[in-house]
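Report on the following structure.
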């Protein structure tokens, strides 16, 4: 097996190993890491395939979960795939992970299994009281490839569901967040069907999440995703929030990126120095 999220390492030690030179880029990265190190002591490297944004976000959400989010508790959560497929025939083109030659009817059952697994794992991890035991449970889950990738399929499907809701809200004259306009203003995703074909189906296979899809992920999970974007150090985009006007009651997860493509996770918040 490969561990999807590497053990923790001191942030500045990691930075010195990765960014040795004296180029402007290396200097900027070191400054960025120094700023992160004011808040977090360690970093955990996330495996760099095209799932890394989903992996980093889900790992952080689970490792600090203390309860099941309300959307995971709802009665019709596990019926989502059946409900959507009954309304939108094109969802049959959903690209499930590496299983070719699957019959049309199976897709809804399979996604349902993934959604049930997501609820089960979230529930069991959120019920663990001790931080060390909770961390061990997360590490164990992210060593189990079969389960781990099933959870990403569930997340992608939740992103599709959220996109459909936003698209319909906009069409019906309801207020939608600004990112939703940007999402559907792209030539490649002017509606949810195109978004699925040209973007969501490729996540994990030939591409990762684009910026605007980070917003979609945040809305799907009802989490604020805070990202230290190191190459933007000393600009006002150094710390970016998805969404940028988060709901107050949404929990926050923090990620680090050097290039908006690959994400790692900072851990061990430093005790705020008492003045």
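Cβ coordinates come from backbone N, Cα and C, glycine included.
What TrEMBL annotates here:
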ACT_SITE  49  active site
ACT_SITE  52  active site, nucleophile
SITE      237  site 'Linear diubiquitin binding'
ACT_SITE  262  active site
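Once Cβ contacts within 10 Å are tallied over all protein chains shown, the recorded positions 49, 237 are led by 49. In terms of Cα spacing, the recorded positions 49, 52, 237 that come within 10 Å of residue 262 (active site) are 49, 52. Every protein chain considered, the tally of other Cβ atoms within 10 Å of the Cβ of the residue listed as 'active site, nucleophile' stands at 23. Within 10 Å of the C-beta atom of residue 262 (active site) sit 18 other C-beta atoms, taking all shown protein chains into account.
You'll find the Cα of residue 237 (site 'Linear diubiquitin binding') roughly 21 Å from the Cα of residue 52 (active site, nucleophile).
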